[in-house]
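> In case it's useful when we look at the structure, here is the feature table from TrEMBL:
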- B:C35, B:C43: [4Fe-4S] cluster 1 binding site (BINDING)
- B:C44, B:C47, B:C52, B:C63: [4Fe-4S] cluster 2 binding site (BINDING)
- B:H253, B:C289, B:C333, B:C443, B:C474, B:C515: [Ni-4Fe-4S] cluster binding site (BINDING)
Amino acid sequence: MLRILIKPELCAGCKNCQVACLAEHSPSGSVWLADLSGGHGRPRNSVELNSRDLPVPLTCRHCQEPECVTACITGALSKNPATGLVEHDQGRCAGCWMCVMSCPFGMISPEALEKKTAVKCDFCQGRETPRCVEACPTGAICLAEVSPETGNNTTPGEAPKEEGLH
Amino acid sequence: MRVCISADQVLNDFLAARSGVETSFNRVPPQAVKCGFGMQGVCCRLCSNGPCRITPKSPRGVCGASPDTMVARNFLRAVAAGAACYLHIVENAAVNLREIGRGNSQLPLKGTGLLNELADSLETGGRDRNEKAVNLAERVLADLYLPRNDKMRLVQKLAYGPRFELWRQGGLLPGGAKSEVFDALVKTSTNLSSDPVDMLLHSLRLGIATGLYGLAMTNKINDIIWGEPQIRTARAGFGVVDPDYVNIMITGHQQSLAGILQDALLSPEAADMARAAGAAGFRIIGSTCVGQDMQLRAAHCPEVFAGQTGNNFTTEALVATGAIDLVVSEFNCTLPGMETVCRQMLVPQICLDDVAKKQNAELLPFDIRETRAIAGKIMRGAADSFAARRKNVTVNVPSHGYDDVLTGLSEKTLKNFLGGSYKPLIDLIAAGSIKGIAAVVGCSNLTAGGHDIFTVGMTRELIKRDIIVLSAGCTSGALENVGLMSPAAAELAGESLKKVCLSLGIPPVLNFGPCLAIGRLEETAADIAAELGVDLPKLPLIISAPQWLEEQALADGAFGLALGLTLHLAIPPFITGSELVTGILTKGLENITGGRVIVDGDINSTVDRLEAVILDKRAGLGL
Amino acid sequence: MKYLILGASAAGLSAVRAIRQLDAGGEITVLSRDRQIYSRCLLPEVLAGRKDPGATRFVPEDFLERHGARWFGGVEATRLLTGEKAVLADTGDKFTYHRLLIATGASSFLPPVENIRKGRQVYGLRNLEDVEAISAAAGKGRGAVIMGGGLVGVDAAAALNERGVSVTIIEAAGHILPLQLDRRAAERYQHIFRKRGMEIITGEMVTRILLDGDDNVTGVELKGGRTIPCALVVAAAGVTPNISLLKDTAVETGRGIRVDEYQETSVADIFAAGDVCESLEAFTKKITTTPIWPLAVQQGRVAGWNMAGARRKPLNNFAFRNSMEFYGLPAVSYGLTEAPGPGYETFTRESGESYKKFILKNGRLRGAILQGDITGAGVYGALIRENIPAGATGEKLFGLTYADFFNQLEDGSFIF
């Protein structure tokens, strides 16, 4: 499975990943035309300063055992068994914010314009390389092939691949 | 990563074969990731609270600057810098003309006919040619140095009448050109102007100063010094380089500096020096706009000027042929990357103007009183280089270019070619044989599809639709190297344009030469408009700087907008972060000057839109 | 292996999925009182008229089919026969099992109020049938009284208000949502509700439901003596686990069915999960019911895995978290809402729509409320749940993000 790895030590804080994300999810798809002032919503990734004031790019992990999926009351969130991606069906989303409450990393948020549904990283659906990875000039955000067997093992006693209720 | 490609296939093949040479073409892929904030013009580095960038979570700078303010400031700064470049060129040219007039230089004046005309039309006067030269130069310099609240005096005489009136009423008449640049810097500094509209109007004033002085006046002065253009057929492309000669490549925009080589290289001393070095003689290898300028006036130096090789982004490749022995630069389009190739190919560099000082070049500060000594040093350097390097480098000049490029077109030569009036051209347009005119101008860049890809693709499509193309700038280098400025290109034009071209023996793309000749295009347009008795925005004419590269192009563009023309760009000028600025430049401005910007990165849709503008303007004229 | 699952909501269906992950061939049977599969959390949406009942299904249409499970809807388990490992249903049928999961959920708790069982228009908001009944009664006018200003009560109130029903909330505490929010955050909602025409009476309780001769509800009488006319009452005073089928069995119960960390009850091969059970809660470290959706899903999953033979514990059992949104104002809260005594530091910040509050003890977060701007809330939740030092205090608390705790495993997973 392809995953986005983050190397904060390479991050220059340029936020180009955010511009790229915004562009990808804007009507034109163009970095020239994406409304950076918020008219096209917010990027789904972020660059935040850590306690030492160093920039850290952050984006959804598509967890092995996604807490957002566990918390979803409508079935809008699901883990795709084929790709391992955590997908969000905006049409089913009720805007209950259980996912926002549950993601320990803060990677799913209310959509900034309508504020009716949640939005999260969709791995640039169908795109070979996610835009943020493509836009990162330093390699701080990069793609890596990750084996599904070496899961996200925060559970003592080991958990198998979790696909949510979908 | 795939290397950048050119519309020029021979160039592609040549670069592919020279894998040991790194050029700009190689550096495009590793620079493919662009900063989105820079692209949209919403990164502000004006103070230490920054750099501030606009995002949905940070919609204003720390100081409170809106994206509109940021974009307008960045835009005005860029236009000011571009204007400054052209004003530097005209200043040097005027100083040289003045010094020649004062008898401080042995250079002759080869265009005294024009000098006499201008002494009358601009009312600068003078008893003889020398005094006329001094007077004209001093009047130009005086205007450049006026404070900003003093309007430049020659504007009224240089500008097309209806435009001057509109500018006067709109408060767009520029004060002293250098002061306009100066105050643009003041205006855009930290926590000064926040008014996007005022800054855009300032850009238009800079555009006017650029166009009438930086472009048009530079052309006139160079015509006076080096001789007026004459229509002729010339060779263009790398093929003009003959390895048997000591080849001095020139890059820049100032024929008033580089031109000193023209006669010097023909002297008996030069012949001896070349022979002693083992060469057949000296040749000037034209490159970038100064080469275009020399090509335009090559009738006055046919023996020593080998021809024009190409534009800004062919310079590295030209050095890589190994046949260049010295690079003389006096202005921009002298890429830093050329230095590496020069080192590799053992080519020394000389700069004549410290504004374009290259790191590994020797600076020979230009002085019009010392032209012989300077030319002598250049010759010496070139001959020594030839003798030293030729045994150590491989020379490989590809078979490239065309030997039947029509050159030497200008506001006057075109008119004369048509029989002394634009009436025949207007008749052809009225009859629909020529649908309209597209001025394809400006630079070349490597991002609008690749090197000259958009320029060449768009031009092909324009002529196919019976729109005649006039070119000025690096676009000329692009279009002549792919054959579009040779008469045979008529075959690529639409049926009616083709017929016109064949009957006149001209290509469908007319070569006005360097970017400075955008000034000539303006005069041509004004002449046509005058003949029709209309203002410029009424003409079925559009201007496109599809592959604009640099700040100078933005100053040119501002001139085009002040003229009321529809200006196409394939790449946005870093403004899209502001709805207001984008809105004014692409729509609102039409109500002020008649001009507007069309940004379109797709060739077919661009040509559709430009054709629609032309048809619309034809309809406006009742055609 | 024969698996029997009682209940087809979050916990029950989560168990189905988990069992199938580990046991491809076992026989899975699901009984549910519900005749259709739906998300209880979406009932207020249905009541408000924003969603059709059919749109509340939280699993794909073919979920049970795809997981090879038989489902008997509208079938209620009435008695558990531990000896013969069987369950009797109200249909008279008997279902046997090797492993049993009780995920029967909970019912609305009816507080000891006079006439509460007699009144014909007294409802909980727990089942689709409740929604239908409330809708029918609400159509008759004269308003509704909501007994209890907790999440369910406020949900019901907002939904009815949206339908144009005049609503009164009666809450015993000093403000609504007393378990989820502090006074300030609650007041911000109360302000909005009142502007929308709702009446909110706090520090009061209903002592009697007023009925007409046909036992139709005509109003309520409050402890303070005031009477409020209404046509229906929604009882939203909490829930009580559905454990009546365990009568006369050895399955240990408290308020709910007592389970261990593997969701197993005191009787072998019998598991429980979701609202019906009580377990060791992570925040309070106490045995308590944990009636929130994410834990029902998680407990169902853990139960399923263990029923299928694995020995797996849950990720955590953190019940003190809530999310909500009323009239466009969202809120998320975790842990404490007020400092319970000395030794705690409280930090609040309010600007515009946003209100945030953090309660710190010994450098660790014990409570967080985010109202208005809830982006990134989960990080605070994780700090509370995992009892991780916040590494910040004062103003810096308000800007914590996962960047402050960044730790990435080789496969790209984040951990704290």
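Backbone N, Cα and C define each Cβ position, glycine as well.
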> Just checking, which of B:C44, B:C47, B:C52 (binding-site residues) has the fewest C-beta atoms within 10 Å of its C-beta?
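Looking at the binding-site residues B:C44, B:C47, B:C52, the Cβ with the fewest others within 10 Å is that of B:C47.
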> Can you tell me how many other Cβ atoms are located within 10 Å of the Cβ belonging to B:C333 ([Ni-4Fe-4S] cluster binding site)?
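Excluding its own Cβ, the number within 10 Å is 29.
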> Tell me the Cβ neighbour count for B:H253 ([Ni-4Fe-4S] cluster binding site), meaning other Cβ atoms within 10 Å of its Cβ, over all protein chains shown.
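Around B:H253 ([Ni-4Fe-4S] cluster binding site), other Cβ atoms within 10 Å: 30.
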> Which number gives the other C-beta atoms within 10 angstroms of the C-beta of B:C43 ([4Fe-4S] cluster 1 binding site), all protein chains shown included?
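I get 22 for this one.
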> Using all protein chains shown, find which of the binding-site residues B:C35, B:C63, B:C443, B:C474 scores highest when you count other CB atoms within 10 A of its CB.
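Buried the deepest by this measure is B:C474.
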> Closest to B:C47 ([4Fe-4S] cluster 2 binding site): which of the binding-site residues B:C35, B:C333, B:C443, B:C474, B:C515, going by Cα position?
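Nearest candidate: B:C35.
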> Out of B:C35, B:C289, B:C333, B:C474, B:C515, point to the one nearest B:C44 ([4Fe-4S] cluster 2 binding site) in space (Cα versus Cα); all of them are binding-site residues in the record.
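Going through B:C35, B:C289, B:C333, B:C474, B:C515 one by one, the Cα closest to that of B:C44 ([4Fe-4S] cluster 2 binding site) is B:C35.
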> Compute the mean position of the Cβ atoms of B:C44, B:C47, B:C52, B:C63, which form the recorded [4Fe-4S] cluster 2 site, and then list in sequence order the other residues of that chain whose Cβ is within 8 Å of it.
B:R45, B:L46, B:N49, B:G50, B:P51, B:G61, B:V62, B:A65, B:M70, B:T190
> Since the record lists B:C289, B:C515 as binding-site residues, which of them has the fewest other Cβ atoms within 10 Å of its Cβ?
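It is B:C515 that, of the binding-site residues B:C289, B:C515, has the fewest other Cβ atoms within 10 Å.
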> Using the Cβ centroid of B:H253, B:C289, B:C333, B:C443, B:C474, B:C515 as the reference point for the [Ni-4Fe-4S] cluster site, which residues of the same chain not in that list have Cβ within 8 Å?
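Other same-chain residues near the [Ni-4Fe-4S] cluster site: B:T288, B:Q292, B:N311, B:N312, B:N332, B:G442, B:G473, B:P514, B:Q552.
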> Out of B:C35, B:C43, B:C52, B:C63, which of these binding-site residues is nearest B:C333 ([Ni-4Fe-4S] cluster binding site) by C-alpha distance?
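Its closest listed neighbour, by Cα, is B:C35.
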> Of these binding-site residues, B:C44, B:C47, B:C63, B:C333, B:C443, B:C474, which are close to chain A by the rule of a Cβ under 8 Å away?
none
> For the C-alpha pair, I'd like the distance in angstrom between B:C289 ([Ni-4Fe-4S] cluster binding site) and B:C35 ([4Fe-4S] cluster 1 binding site), rounded off.
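Spelling it out, the Cα of B:C289 ([Ni-4Fe-4S] cluster binding site) and the Cα of B:C35 ([4Fe-4S] cluster 1 binding site) are 30 Å apart.
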> Helix, strand or coil: which one is B:C289 ([Ni-4Fe-4S] cluster binding site) in, per DSSP?
helix
> Given the binding-site residues B:C43, B:H253, B:C443, tell me which ones have a C-alpha lying within 10 Å of the C-alpha of B:C52 ([4Fe-4S] cluster 2 binding site).
B:C43
> Which whole-number value in Å describes the distance between the Cα atoms of B:C63 ([4Fe-4S] cluster 2 binding site) and B:C35 ([4Fe-4S] cluster 1 binding site)?
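Rounded to the nearest whole number, the Cα-Cα distance is 22 Å.
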